[in-house]
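Here's the structure, in structure tokens; my notes come after.
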Amino acid sequence: MSKHHNKLWYLVFVLPLFIIFATVVLIPFFIGIFYSFFEWDGFSANPMVYVGLDNYIELIDDGRFLNSAWLTLEFTILSLVLVNVLGLGFALIVTSALKSANFARTMFFMPNLIGGLILGYIWQFIFSDGFRVIGELTGYENVFRNWLTDTDLAMYALVIVFSWQMAGYMMIIYIAGIQSIPGEVMEAAEIDGANYFQRLKNVVLPLLMPALTISLFLTLSFSFKIYDVNLSLTAGGPANSTELLAMHIYNEIFGYNNYGYGQAKAIIFFIVIAAITLTQVYMTKKREVEM
Amino acid sequence: MRLFKKYFKEILLVITALVFLSPVYIMIVNSFKSRSELYENVLALPETLTFEHYIRAMDRMNFGLAFFNSLVITIISVFIIVILSSMTAWMLARKDNTLSRVIFMTFIATMLIPFQTIMMPLIQFMDQIMSTTGLPMLNTRSGLIFMHVGFNASLAVFLYHGFVKSIPISLEESAEIDGASKFTVFWRIIFPILKPITVTVIILNVIQIWNDYLLPSLVLTDQSLRTIPLATFYFFGEFTIQWNQAMAGLVLTIIPVVIFYALAQKHIIKGIGEGAVK
């Protein structure tokens with residue numbers, strides 16, 4: 001087999017996918033950095049004006065952008081807690097020796113397969129009409145009213161729907177973690193007289209740290225990037241109270257036609273997400289060495 | 001007493017699972033109700049079983065066509081992803097030189113880029129390609145498939161690459177000594193061994209591509225090309241919401257997902273776990 005021949009095979013195997021990948025991901029990424037230094041309204045007939053770093057400087061004082069970043073942070077922290085508490089709780093129940101565990105696991109995971117857009121629409125109905133009826137039936141009308149028209153409650157509605165979607169996913173990761181705990185360790189703790197909560201606190205949770213790290217950072221990056229549920233549940237409303245970053249960037253570019261400025265925001269968005277993800281990889285790797 | 005406690009726990013778990021899925025219950029029962037019935041009590045069972053809302057919703061969403069579009073786009077995209085990513089990953093893993101490492105790292109590094117960072121320049125670039133070469137990149141199923149392949153290549157290459165490294169190289173070497181070409185070695189010997197990871201790649205990509213909304217919404221403008229998420233979005237946007245019909249529409253969109261889940265549950269849960277942990 002000649003060397004020349006081998007090179008040809010290399011191209012046949014690698015090139016087709018790499019060309020597609022470069023066209024769709026790599027090249028647009030660099031074009032995107034380029035666009036972020038211009039002011040442009042997106043119409044090809046209109047000129048692109050070079051503004052240097054102005055777009056980046058401008059967004060430091062952009063109240064709407066900062067507010068959106070703040071809302072995203074609030075959403076992320078709330079989701080982080082709720083998703084992981086539910087996910088871990090489900091995993092603990094489902095790994096116990098109950099006969100209905102399999103059924104429950106199937107049900108808990110189900111929402112994750114339904115697309116975010118459709119989930120948001122289902123819950124739109126529940127938060128508006130469903131809650132109204134529950135309010136009338138139970139008398140707690142101050143709690144069970146339309147959350148989606150309330151600037152404070154709409155954010156919580158978003159957290160609930162997102163948690164409903166993601167809890168099953170995190171449950172799967174925690175289940176894998178729990179199943180990797182050796183049976184002898186649990187038995188030893190039981191013989192030593194540790195009760196359920198002592199075992200949970202002193203044996204299970206410490207050994208679940210790798211799964212916890214993965215879940216926390218996955219939730220972090222998913223919630224930072226949330227778009228579909230946001231669009232179908234609240235569309236950023238009421239009064240921009242739930243316009244999270246991904247939606248904010250979309251609106252800046254395609255809604256307000258600030259292509260250059262919106263792209264600068266998109267680049268910042270990338271840097272933040274890259275930082276989060278790289279920290280995740282770093283910490284997971286560090287833990288793996290320790291284990 | 002012990003027995004009672006055990007059954008109590010079982011029942012409690014079943015109830016928890018059912019309460020968790022109560023939104024699905026609410027969606028289904030209300031898809032059968034008349035307007036007045038729905039406003040009276042959203043939680044009650046419907047008085048009659050009428051499929052009238054389903055028929056209207058199917059018509060308004062153009063559900064048959066949207067289902068066909070989603071199916072064609074998902075199947076062809078996933079097929080191409082499996083073929084090309086496995087070939088690429090195998091070659092990159094086996095020809096372990098600087099070039100291979102650089103290409104592999106490029107695939108991995110770009111997984112950090114959120115879609116929002118690429119979407120606008122992507123559409124601009126596709127538009128340019130279309131106007132200079134005449135290739136149908138925008139507003140066609142094939143263009144969308146091309147982009148799905150590009151976006152999902154990284155994860156697939158990553159998963160295949162890890163798996164290939166666990167296969168002993170001796171198998172391939174003896175085949176090559178016997179005069180088999182790289183192509184034959186890959187398809188006859190390697191690809192069948194990759195089956196477990198291929199299942200994972202298929203599952204992850206089917207879920208991702210089937211449910212994707214934002215990319216198709218930017219690429220497709222023709223009504224006749226709409227996928228299920230797009231059809232759902234326009235269905236909710238175009239008409240003042242009649243919830244019974246809307247719920248019927250949503251039930252329709254979920255049926256294919258439920259069937260897929262029922263058929264491949266074991267693989268799905270395994271695939272999701274593997275995709276996340278790696």
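Don't overthink the numbers, they just go from 1 along the chain as shown.
Glycine is treated like the rest: Cβ placed from N, Cα and C.
Small disclaimer: the values here were computed from a predicted structure and weren't measured.
Here TrEMBL flags B:12-32, B:66-90, B:102-123, B:143-164, B:185-210, B:243-264 as transmembrane segment. Sequence annotations record features per position, and here TrEMBL assigns domain 'ABC transmembrane type-1' to B:67-264.
It is B:243-264 that, among the stretches B:66-90, B:102-123, B:143-164, B:185-210, B:243-264, forms the most Cβ pairs under 8 Å with the transmembrane segment (B:12-32). Within the chain, the transmembrane segment (B:102-123) has long-range Cβ neighbours (under 8 A, six or more residues past its boundaries) at 92, 138, 147, 151, 153-155, 157-158, 161, 214-215, 218-219. Below 8 angstroms of C-beta separation, residues 141, 144-145, 148-149, 152-153, 156-161, 163-164, 186, 190-191, 194, 198, 201-202, 205-206, 209-210, 216, 225-228, 230-231, 256 of the same chain, each at least six residues beyond the ends of the transmembrane segment (B:66-90), sit close to that stretch.
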